[in-house]
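> OK, Swiss-Prot features for this one:
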- 19-39: transmembrane segment (TRANSMEM)
- 45-65: transmembrane segment (TRANSMEM)
- 232-252: transmembrane segment (TRANSMEM)
- 263-283: transmembrane segment (TRANSMEM)
- 308-328: transmembrane segment (TRANSMEM)
- 352-372: transmembrane segment (TRANSMEM)
- 387-407: transmembrane segment (TRANSMEM)
- 416-436: transmembrane segment (TRANSMEM)
- 443-463: transmembrane segment (TRANSMEM)
- 475-495: transmembrane segment (TRANSMEM)
Amino acid sequence: MRNSRLLLPMAAASATAGITAAAYFPAIFLFILFLLIILIKTRHAFLIIVCFFSFILFFVLYAVTDSQNVSSYRQGTYQFKAVIDTIPKIDGDRMSMMVETPDKEKWAAAYRIQSAGEKEQLLYIEPGMSCELTGTLEEPNHATVPGAFDYNEYLYRQHIHWNYSVTSIQNCSEPENFKYKVLSLRKHIISFTNSLLPPDSTGIVQALTVGDRFYVEDEVLTAYQKLGVVHLLAISGLHVGILTAGLFYIMIRLGITREKASILLLLFLPLYVMLTGAAPSVLRAALMSGVYLAGSLVKWRVRSATAICLSYIVLLLFNPYHLFEAGFQLSFAVSFSLILSSSIFQQVKTSLGQLTIVSLIAQLGSLPILLYHFHQFSIISVPMNMLMVPFYTFCILPGAVAGVLLLSLSASFGRLFFSWFDLLISWINRLITNIADVDVFTIMIAHPAPVLLFLFTVTIILLLMAIEKRSLSQLMVTGGICCTVMFLLFIYPCLSSEGEVDMIDIGQGDSMFVGAPHQRGRVLIDTGGTLSYSSEPWREKQHPFSLGEKVLIPFLTAKGIKQLDALILTHADQDHIGEAEILLKHHKVKRLVIPKGFVSEPKDEKVLQAAREEGVAIEEVKRGDVLQIKDLQFHVLSPEAPDPASKNNSSLVLWMETGGMSWILTGDLEKEGEQEVMNVFPNIKADVLKVGHHGSKGSTGEEFIQQLQPKTAIISAGKNNRYHHPHQKVLQLLQRHSIRVLRTDQNGTIQYRYKNRVGTFSVYPPYDTSDITETN
């Protein structure tokens, strides 16, 4: 049939359009445009019917799936026998897992371990066990900072609606379901390798054998991600291809017929998917292998495009939410790009040339997705893949698999093998982290405008088509357009005339970002931070939570900010400077500004030492100084000299004018400090007050409010914080003076956006803000 080869690809594209249109209705217009292009290009009625049917099917499928994605439970305390649905993860004194209720609803459960002895006992809990659990249901947190990971949305797309804070685990019985037997085997391999492997090897070997990256060090994993080689630590088509080809060869050599070998492999693949964690890349590779094997059984020669389109459609039929997963998108985008460009590889005769083309096309195919989800890519991703892919394929991957098999046969020989293998892994990890540490290799782009991203994706497709046709004229035109769009994506923030002030929701602490129009000044005032206490060794976490890593750096990255023009620290309390070292070590700061007398204790010196090590200029300021940071100007109102009796009253107090409004930023200033500011500046006024010390009763005096006459007060405080900030007396005072109050603990990140001295307050995450959004 004419154009028959287009049926499955067009059906897959229409399925994508249907799900996207159901989730984001304006996408329906793109589908109409898509149908018009098919009509003009092919005039093939049957193809249009197939596309339309696929679109309607997946539109309805997503709508029905989403409407049924609700919970039958309410917030409160529940006790019943639940099934442990995943391998429990123990990190320090916390155990986390998914549990399944008697009516098959799944929850994200977490348990605080009480003692080292209990921790040892919990290691024996297996997936599939039924345990009597008692705990409280709480709603998962939404992302309250732009760019940060949205845990609520992540769970929602797994049909999970609750966090279950478990207080008691009792009477666990053995699993019976076969699926859980496979998961128990996976857990056994993880525990087995944890106990016998050297630290550097453990995480890498587990990632390559069972698809678990939990024990890969955070620094190493981040480095792999920055350089665009993190796919090496995922079970992918390469692993599945090598495994199926190897097993097929062994079975043929053992005298098993090709048909029986294919059937055995078809039975084996689902087990392998469960054993390796069922990540999108594994599902895609296993399904494609299954299509090839099934085709061989019925004497049907399956084309690669057919296999990948069938796999894509089947996965979306089972779970349309897959479409919105970064891993799913990357796996299929790269595979589609390589399959559609297969004729290019055949024209290149040398292995090095083919490796170069494969790396280049994979990079091009993944680039729009990388920019959308992660806002950055490495310019040396192609050469790094050319170097690392063969090395992992022929050395690290076989070594990891062989080492685990050897370890299971003989612990002594296995340890001997891993003693040298660990040296190799350590050397590779150091190489990767050192290269990733070179900032010049990373290109960072602000969250792309949808129109520019769509245009960029289209130009990449046209560029790949031009490469395949070997048309120099088309290649020059599409390559030029592609580079132009890429350049526009890169400079887009510099073209924007919008400025901003953001009070970032970092819990019980302070962190404010001030950005001038056209990126002419990017300043962070304080970093927030969590109080750390010394604890027993068994409570120490392998992956401790970091506001800098999980909140501030993603926030800056989403804005395309590779480096701040200045980091201003108001005073040396942990909840204001706790993440400064992380920002400095990630090369995020050009200039560090501190108040006079910043160091009052030996521990306060740590931040300054980190700045010196990174070559960051340190500037000490006092009352009367004016900070000029490109187009941003800050007037220093306090301190004149440090207050030996109070760190809070030694806070750096700043006054600025931006977006047509005057702002006073008070750090943790208390009433005594406020009085001193009024004495020195008796005519000081401010439209916006950043309330001192998170709204404690020791700050924000009546005289200060009467003097400033603010219209808006911003309070940064943690949700349900132990200090009960902000204090009711402060809130009542602000209410008496008819001052609008915006709070991070209730509203999330508080945003002020302005153009030409006219601005608007809003909050993140956005919702009906008619009561707080107001144009200046």
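From the backbone N, Cα and C atoms, a Cβ is placed for every residue, glycine too.
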> Looking at the transmembrane segment (387-407) and the transmembrane segment (232-252), are there 3+ C-beta pairs under 8 A, with each pair at least 6 apart in sequence?
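Yes, these stretches are in contact.
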> Which range out of 45-65, 232-252, 416-436, 443-463 gives the transmembrane segment (352-372) the most CB pairs under 8 Å?
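Ranked by Cβ pairs under 8 Å, first place goes to 443-463.
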> Can you work out which residues elsewhere in the same chain, 6+ from the ends of the transmembrane segment (443-463), have a Cβ less than 8 Å from its Cβ atoms?
146-147, 364-365, 367-368, 371-372, 375-379, 474-475, 478-479, 481-482, 485-486, 488-490, 492-493, 557-562
